[in-house]
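Here's the structure we're looking at; comments come further down.
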């Protein structure tokens, strides 16, 4: 009997978390609101510790991105990739070079600085997770870089759509800017989705093209830091995303099904942002440190302002 009561209490204590998670699947909850709800529950200590939420988020995000592929038109994806390829390559190497210089100027540990620069240049936490083992980074260096990117990702979800509307950016222009200047795929898709479906399609395509650079950058990092290139993780979900685009293009008879998958994928993405928010705590914000956070902000401003200027004058 005592054991049954304990189990019951334990399950009851989880109810607020799962109730809010289900609410996030409804259209009334936007991406920024989901992030705030997750952070609020984490601050109140209502996030179940017995679940591996980070692993669940990673899987759900992969499924969500694959689902979004069914709503991407092949011709538009190819055209967007062609137009954005030069900007993607230039922005990546620009960010890494500026990151290297600022790391020296701010006197931050070289590996910590490189992780933050890699996360800013390519794909946020995914890039950091791929590069960290390749350069044999310590756990504290990896955590510091992840916390820094985490904070800026959260800010981007609110700031970018507001700036886009303020500047009256087109859907295509905003999607391109979000894909280049926001770190994690989740925040890129979240911010672009809040701006509009066309922005979402452009941002998703370009962001995943940018994410492909995780592999070569991780290999180069391993060589520079004399690390282990065998530890590099490959983001296979990008392959399935591409397959979804091709399948939707060559089997058009199922268009009504693809539309439903696309809508469901967007809601799962909002759920992912709730789960990401539930992993943000005040303690994590404190441990990010001033200098690493300053490095992240300066890099973010450099790539954000630089890419925005290029897009507004060149697109």
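Every residue number used here counts from 1 along the chain in the order it is shown.
Each residue, glycine too, has its Cβ placed from N, Cα and C.
Straight from TrEMBL, the features:
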TRANSMEM  17-48  transmembrane segment
TRANSMEM  60-78  transmembrane segment
TRANSMEM  84-103  transmembrane segment
TRANSMEM  115-137  transmembrane segment
TRANSMEM  143-167  transmembrane segment
TRANSMEM  174-196  transmembrane segment
TRANSMEM  208-225  transmembrane segment
TRANSMEM  232-251  transmembrane segment
TRANSMEM  263-281  transmembrane segment
TRANSMEM  293-311  transmembrane segment
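Relative to the transmembrane segment (263-281), the listed stretch 174-196 leads the set 115-137, 174-196, 208-225, 293-311 in CB pairs under 8 A. Within the chain carrying the transmembrane segment (174-196), a Cβ under 8 angstroms from the stretch's Cβ atoms is held by residues 30-32, 35, 61, 64-65, 68, 80, 83-84, 87-88, 91, 119-120, 123-126, 149, 152-154, 156-157, 160-161, 164-165, 202-208, 210-211, 266, 269-270, 272-273, 276, 300, 303-304, 307-308, 311, 315, all 6 or more beyond its ends. It is 84-103 that, among the stretches 17-48, 60-78, 84-103, 208-225, forms the most Cβ pairs under 8 Å with the transmembrane segment (293-311). Highest Cβ contact count with the transmembrane segment (208-225) among the listed stretches 17-48, 60-78, 115-137, 232-251 falls to 115-137 (criterion: pairs under 8 Å). Segment contact is absent for the transmembrane segment (17-48) and the transmembrane segment (232-251), given fewer than three CB pairs below 8 angstroms at sequence separation of 6 or more. Sequence-distant contacts of the transmembrane segment (60-78), counting only residues of its own chain at least 6 positions beyond either end whose CB sits under 8 Å from a CB of the stretch, comprise 185-186, 189, 197, 200-202, 204-205, 208, 237-238, 240-249, 258-259, 261-262, 264-266, 268-269, 271-272, 275.
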